[in-house]
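*Asks:* One structure follows; several queries about it will come next.
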Amino acid sequence: MAAHAAHAVVEGFSLQQVLAVLPIDEVARPNVQRLSFDVMRYLGLVQFWVQCFVEKPPAPWLQAMLWVSLTQLYLREEDEFTLVNQAVAAVEARRPHAKGLVNAILRRFLRERDAWEAAAQVDEVAAWNHPQWWIDQLKAQYPDDWQRILTVNNTRPPMTLRVNARLMDVAGYQALLAQDGRESVALSNLNGDALVLSQPCSVSVLPRFADGVVSVQDAGAQLSTQLLDVQNGMRVLDACAAPGGKTCHLLEHFDVELLALEKDEARARRIDENLLRLNLTAQVQVDDANLVKSWWDGVPFDRVLLDAPCSASGIVRRHPDIRWLREPEDLEGLAKQQRQLLRSMWQVLAVGGRMLYCTCSIFEDEGESVLAEFLSHTPNAQRMDLPLIRRVASSDGQLLPRVDDGLNHDGFFYAALVKVA
């Protein structure tokens, strides 16, 4: 099944789409998902090996089988010869004539691992497991950080939790976890509600998850609640709100009148589900944020959170297929959407109000470039300083993905704007 998923991504489908429709036994699903994600993290490497060390290009399904098997062998997390035997048996069940080829390739890798790994270091796509255009873009934008960014992208993500401040604090929830034998680390230097589990687990076994005491959300995403600078009693808009993590985090801290907009009906239902589990209240409306006249009642908002659609280049470790699905020309189309959303949301913001523009991207095309264009055409917009971001970021607004110095978060761009007149 992991081979089917890997092949589908190369054909242009997302892992989320494919894994949702594959007939996978529920017991096996977590393992298939983990393996599929690992293949995406090392796709550049295993594709390079198949291209270089297999004389005749195999059929697409067989290539995918080799990608999966080579990924497993490379990671050294299971017995090598057991993995080879399992791969050969799987191929034999579908194409008996191909089992000898697979057996020979995998056993050759085990004999010549060092040489294969050394060969891959001279090819940047194989060495860094990202498309060449992506590597080049990061080199240009982050000459001192590009290697660290790519390295973090290739790691398995942590399971980060957000503790519901209305019900418990982080220390209290850590005590509950400890009672279950689960270790965790509080990320207090970044966010007062965030903690990381030492070992990921199903939410079904998290203490009081069903009661709304805790949610799953990256620590970088949790910063929006602090950066929006909300006060009780305000009128707040969360545009492009699904799946509702930022909406719910705001409501866990403040008593506000909140409208959550989402143009996709299925995704909007996820907002409702999260609100229900957390026992929070907001108005959820299915509508396109750009179509202001269709949903706005004319009363300005004190705060607007605009989490705009983007390339998701900052959350690659959580969605490792993204790097292989994106094309460089996608960025201009996304930036166009972002500029339009900024203009639309500015209309509904009150004078003196604050808008937080954010994306889960690390590309300047979707961050500083979009913001600079908007500010150049919007004289009544003033950018605010964000000391919290400057403390942990590479620039005034760009939070890069990192796992060091007590920080563990994805990549986000944040910019706060005030309407001065």
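The backbone N, Cα and C atoms fix where each Cβ goes, and this holds for glycine too.
In case it's useful when we look at the structure, here is the feature table from TrEMBL:
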DOMAIN    149-420  domain 'SAM-dependent MTase RsmB/NOP-type'
BINDING   CYS240, ALA241, ALA242, PRO243, GLY244, GLY245, LYS246, GLU262, ASP288, ASP307  S-adenosyl-L-methionine binding site
ACT_SITE  CYS360  active site, nucleophile
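Describe the structural context of these features.
*Replies:* Around CYS240 (S-adenosyl-L-methionine binding site), taking its Cβ as the centre, 23 other Cβ atoms fall within 10 Å, counting all chains. Under the DSSP three-state reduction, CYS240 (S-adenosyl-L-methionine binding site) is assigned to coil, being neither helix nor strand.
Around CYS360 (active site, nucleophile), the C-beta neighbours below 8 angstroms that are at least 6 residues distant in the chain are ALA221, ASP307, CYS310, ALA312, SER313, GLY314, ILE315, ASP410, GLY411, PHE412.
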*Asks:* Using DSSP and three states only, what is CYS360 (active site, nucleophile)?
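*Replies:* Reduced to three states, the DSSP call for CYS360 (active site, nucleophile) is coil.
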*Asks:* For LYS246 (S-adenosyl-L-methionine binding site), just count the other CB atoms lying within 10 A of its CB, please.
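*Replies:* LYS246 (S-adenosyl-L-methionine binding site) is surrounded by 23 other Cβ atoms within 10 Å.
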*Asks:* If one looks at the chain holding GLY244 (S-adenosyl-L-methionine binding site), which residues at least 6 apart in sequence have a CB under 8 angstroms from its CB?
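*Replies:* When sequence neighbours closer than 6 are ignored, GLY244 (S-adenosyl-L-methionine binding site) has ALA260, ARG270, ILE271, ASP272, GLU273, ASN274, LEU275 within Cβ distance under 8 Å.
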*Asks:* In this structure, which of the binding-site residues ALA242, ASP288 has the fewest other Cβ atoms within 10 Å of its Cβ?
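*Replies:* Selected from the binding-site residues ALA242, ASP288 on minimum Cβ neighbours within 10 Å: ASP288.
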*Asks:* By the DSSP assignment reduced to helix, strand and coil, which category contains LYS246 (S-adenosyl-L-methionine binding site)?
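*Replies:* In the DSSP reduction, LYS246 (S-adenosyl-L-methionine binding site) maps to helix.
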